[in-house]
Every structure is written in C-alpha cells, then in structure tokens.
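Copied from TrEMBL, the annotated features are:
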{"type": "REPEAT", "residues": "A:44-78", "note": "repeat 'PPR'"}
{"type": "REPEAT", "residues": "A:79-113", "note": "repeat 'PPR'"}
{"type": "REPEAT", "residues": "A:115-149", "note": "repeat 'PPR'"}
{"type": "REPEAT", "residues": "A:150-184", "note": "repeat 'PPR'"}
{"type": "REPEAT", "residues": "A:185-219", "note": "repeat 'PPR'"}
{"type": "REPEAT", "residues": "A:220-254", "note": "repeat 'PPR'"}
{"type": "REPEAT", "residues": "A:255-289", "note": "repeat 'PPR'"}
{"type": "REPEAT", "residues": "A:290-324", "note": "repeat 'PPR'"}
{"type": "REPEAT", "residues": "A:325-359", "note": "repeat 'PPR'"}
{"type": "REPEAT", "residues": "A:395-429", "note": "repeat 'PPR'"}
{"type": "REPEAT", "residues": "A:430-464", "note": "repeat 'PPR'"}
{"type": "REPEAT", "residues": "A:465-499", "note": "repeat 'PPR'"}
Amino acid sequence: MLQMRPVPSVVRFTKILGQVAKLKHYSAVISLYNQMGASGIEHDVYTLNIFINCYCHLNQMGFSLSVLGKFFKLGLEPNVFTFNTLINGFLLKNRVVQAAELFNKMINAGNCQPDAVTYGTLVKGFCMKGNNRAAIQLLRKMEEGACKPGLVVYNTIIDSLCKDKLVDDALNLLSEMMCKGIAPDVITYTSLIHGVCKLGEWKEAKRLLNEMVSKNVFPDVCTFSVLVDTLCKEGMVGEAEGVVKMMIERDIQPNTVTYNSLMDGYCLRGEMSKARKVFKLMLSKGSMVDVFNYSTLINGYCKRKMMDEAMTLLQEMSRKGLVPNTVTYNTLVDGCCKVGKLGDAQQLFSEMQACGQLPDVQTYAILLDGLCKSGQLSTAIQLFREMEGKKLDLNIVIYNILIEGLCLAGKIESARVLFRGLSSKGLQPAVRTYTIMINGLCIGGLTCEAEKLLTEMEEKGCPPDDCTYNTIIRGFINNNETVRVTGLIQQMVEKGFSADAWTTELIVDLLCKDKVDPALLPLMQKENYELNLPHLKLNRSSDHPNKH
DNA sequence: ATAGGGTTAG
C-alpha cells in the first residue's frame with residue numbers, strides 16, 4: 001500500500017491498523033504506524049487513538065500520554081475515544097487515581113463529556129478492584145443522569161458478582177434490567193451460568209440454559225466452554241467430552257480455551273497420555289496451540305513429578321516462538337521445588353528474569369516455600385529480604401510460608417515475633433496463619449499456648465476450620481496430652497467438622513490403648529467415610545495438613 | 001476506520 005500511487009487514503013490504512021490491534025499484535029501496529037509516518041502519511045484522530053490503545057496494552061502509559069502531545073502538534077483535538085482509551089489503560093494498570101483524574105478533566109473541560117463507554121470502563125475498573133459496591137453506586141448514578149446504564153454495564157456487574165459467588169445479587173440485577181426493558185444476551189447468561197457452576201448448582205445451570213434458549217438466546221463457544229471447564233474441574237472429563245461432541249454437532253467449533261479445559265481435566269486426573277492426545281488434536285488443527293496450552297500441559301507433568309517432560313515442553317514452546325510467561329515459569333519452579341531440585345528452581349528463577357518475565361509474588365512464594373521445606377532457611381530469609389526491597393505487595397501467604405518455615409526449623413521464638421508483627425505491616429493473620437502457629441507451638445511442646453491461640457482466633461473474628469482442629473488435636477496427641485483431646489474432639493464435632501484420615505489414625509491408636517471415649521469415633525467421621533486401616537495408611541501423605 | 005461486557009494455565 002505504501003508503494004501504490006496514488007497512496008491509499010489514511011482510512012484504508014486505519015482499517016488495517018484496527019484489525020491488527022484487534023488481534024492483539026500491538027507492537028506490530030506501532031511498527032506499522034511508524035512506517036506510515038516515515039512515508040509521509042498524515043495521522044488523524046483515528047490512527048492516534050489506535051496508537052494510544054496499543055501503548056496502553058503494552059503497559060507503556062508514558063508513551064500513551066505522550067501521544068496526546070502529538071494531537072496538539074498536528075492541530076487535532078482528542079475526542080471521547082481518546083479519553084476512554086486512556087482511562088481504560090490506567091485502569092488496566094491498576095492506576096485508579098490517574099483514571100479518576102482524566103474522568104474529572106472530561107467533566108470540567110466541558111467539550112468532551114463522558115459517555116456510556118466512559119462509565120462502562122469505570123464500572124469495570126471498580127469491579128476489577130473487587131469493589132462491587134462502588135460499581136453498583138456508579139450504576140445508580142447513571143440512572144439519575146443523561147447516560148442511562150445499558151446492557152454492557154449490567155453485564156459487567158453481573159459478571160463481577162458471579163465471580164465473587166454472589167449469584168443471588170446477580171440474579172436480582174438480571175430481573176432489574178429486564179424490568180427496564182434491557183434484554184439479557186449470551187454474555188449475561190454465560191456469566192450467570194459460570195457463577196452457578198462455581199457453586200456446584202447444576203440444576204440452576206440447567207434452568208438458566210433452558211431460560212436463555214426460551215428467549216432465543218443461544219449458548220455459544222464461551223457458554224459451552226464454561227460447562228466443559230466445570231465438568232473437568234469436577235473430574236468428569238467423560239461428560240465434558242460429551243459436551244464438546246454436542247457443540248460440534250451444533251456447529252459451534254471448540255476453540256483453544258475449550259480444548260485447554262479438557263486437557264487440564266485429564267491432567268488433573270493424571271491421565272497424561274489423554275491430555276497429550278487433546279494437545280496433538282489441537283496441533284493438527286493449525287495455529288491453535290498457545291502459551292496457555294503449553295503451561296497447562298507443563299503443569300500436568302510437574303504435578304506428576306515428571307520434570308524431564310515438563311522441561312522438554314518448555315524448550316519446545318520456545319522453539320515455536322511462544323514466549324513462556326510468569327505462570328509457565330511459576331509452574332516449573334514449583335515442580336522443581338516439589339521434587340527437591342532447588343538448584344534447578346533457582347536456575348529457572350534467574351532464567352525467567354533474563355528473559356524479561358518478572359517474578360511476581362507467587363513466584364517468590366513458591367521459591368520461598370521450596371527453600372523452607374528443604375531446610376535452607378537462611379537462603380529463604382535472604383530471599384524474603386530481597387522481596388521487601390522490591391516493593392512487592394507482600395501478602396499473608398508469604399508470611400504463612402516463612403512462619404511455617406521457622407516453626408518447622410524449631411525457631412518458634414522468631415516465628416512468634418513475625419506473627420505478632422503482622423498487624424504493624426497492615427496484614428491480618430488468616431485461618432491458615434493461626435493454624436501454622438498452633439502447629440508450631442504444639443511441635444515445640446507449648447500446647448497451652450496453642451490452645452490459647454485457638455480461643456484468640458475465634459475472638460478476633462477468624463474462626464478455626466477443619467484443618468485447625470485436626471492440627472491441634474494431632475498436636476495434643478503427639479504431646480501425650482490425651483486428657484484434653486476428648487474436649488477438643490467434642491468442640492470440633494459441635495462445629496460440624498470432622499477428623500481427617502491422619503488424625504483418625506492417631507485417634508484409633510489411642511482407642512486401642514483405651515485413652516479416649518469410643519463413643520466419639522462415629523461422630524468424627526464424615527458420612528461416606530469408610531473406616532479401614534489400610535486405606536488410612538495409604539492416605540496419610542495426601543492428607544498432610546501443611547499445604548497452601 | 002478508534003474506546004467498555006462472558007470461557008483456559010501457576
């Protein structure tokens with residue numbers, strides 16, 4: 001096109017830029033844009049807006065803003081698309097303050113008022129921050145103003161509520177929008193179906209499917225993918241295959257997401273050859289395999305401790321030009337840690353940084369846990385200091401790992417200091433944090449303090465769970481404090497919790513020595529739990545409580 | 001011709 005004479009209009013170039021941007025090849029768009037400029041093709045508002053959007057998605061907000069300067073240089077005026085794109089860019093980068101500033105600028109400048117998309121973008125921003133209340137408040141504000149909420153805004157909030165498992169609230173919003181004459185579409189129903197699936201409410205999912213079809217809204221590839229994914233996560237891969245068959249019969253082609261769920265389903269069951277078969281099917285369909293698929297398969301092998309296969313796949317994907325991302329590396333680092341290859345894990349940790357994939361909090365958590373569990377406590381503490389220096393948002397999980405590491409190394413005093421210092425760091429102990437401390441105290445023989453902590457967590461609005469009770473009961477048994485065990489078991493049963501296999505085994509031992517009341521035993525078991533000792537022995541390692 | 005909503009991996 002650049003060599004054609006006369007040179008095609010800027011509109012024809014823009015159509016192409018827009019399409020390439022839709023394919024998410026943002027750097028390609030920027031390179032094309034620069035070639036246009038070098039060839040003397042004048043940019044207009046449309047090309048500049050696309051350009052801004054690309055920089056936003058490439059996490060280069062500085063460049064995005066600098067394009068604003070170009071507007072003025074060319075005598076062009078930024079329009080509502082420009083502002084909406086920038087606001088979206090800031091929200092994607094979690095920079096709410098700058099987004100709000102731009103929004104206020106729009107209102108105060110007067111010549112470019114926010115529209116439905118502006119509000120929709122802000123609503124999404126609130127939802128991404130987990131602030132459904134603020135999102136709904138903005139919805140109410142829109143109702144009062146000139147820019148009434150439409151289908152997209154409702155869908156955004158309904159989806160956010162569903163993701164937070166607040167399906168009832170989402171359903172209320174559905175009735176509300178229908179009362180206003182806004183008809184739900186396939187996106188509305190997909191969010192709702194996803195929500196009820198996550199709650200395991202299959203009947204409700206079926207009802208919603210029937211309801212949508214009765215309104216002439218038909219499930220599409222995303223809707224079916226939700227069903228496939230849910231079935232797979234429940235271990236029902238056979239049924240998921242059935243759904244895939246059904247969608248193909250309806251001429252809805254499964255995409256890379258659908259197949260990825262299927263692959264993950266097989267991986268979760270440890271059926272790696274079946275997962276491979278799905279992977280091969282995708283390869284045979286051409287350009288269908290992406291970073292997700294490789295990461296899923298790699299994760300499958302890592303969880304089976306088949307690190308050679310996982311590492312081979314890492315090389316294979318790189319050969320194909322697919323760039324392993326933070327998730328891919330995290331999977332592999334975790335795999336190495338779990339098989340005790342800490343050296344390999346550390347190697348991957350530096351390799352990912354050399355490749356420009358920045359470790360996130362989870363990467364550090366994985367490595368920190370690996371180091372603690374392999375007894376390299378001083379290296380772990382060194383890593384922790386490194387994290388503190390990097391301004392990472394240290395969450396409670398990081399402290400859980402470190403506190404547990406200290407406890408298991410017998411450094412209960414240091415663990416206690418870290419635990420009591422949490423609030424000064426703006427963090428609240430989670431149930432797991434208390435459980436780890438209780439376990440540590442029991443290991444150190446401090447059962448009295450452990451029991452005090454059990455009471456304390458309850459008082460602080462953090463009630464103990466299944467795992468806490470199992471942990472403290474085991475702790476007391478291991479300290480031969482059998483007198484208190486009966487009381488703790490009673491307390492556990494009263495709260496509707498039950499003993500896991502490991503605890504049960506210890507209690508059975510006690511029963512054999514006539515140290516606890518046998519009448520308690522049936523109470524501790526879940527209804528469908530068969531009590532037989534060989535089974536208990538087999539389950540011992542998998543029921544280990546110290547998992548994150 | 002440009003901006004906001006639903007499905008997958010750690």
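One-based numbering along the chain as shown.
Positions of Cβ are set from backbone N, Cα and C atoms, glycine also.
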Tertiary contacts of the repeat 'PPR' (A:79-113) (same chain, 6+ residues out, Cβ under 8 Å): 45, 48-49, 52-53, 55-57, 59, 61, 64-65, 68, 71, 121-122, 124-125, 128-129
PLDDT averaged over every residue in the repeat 'PPR' (A:325-359): 96
Beyond the flanks of the repeat 'PPR' (A:44-78) by at least 6 residues, Cβ under 8 Å: 10-11, 13-14, 17-18, 21, 24, 26-27, 29-30, 33, 36, 85-86, 88-90, 92-93, 95, 98, 111-112
For the repeat 'PPR' (A:185-219), sequence-distant contacts whose Cβ falls under 8 Å of one of its Cβ atoms, 6 or more beyond its ends: 151, 154-155, 158-159, 161-163, 165, 167, 170-171, 174, 226-227, 230, 234, 252
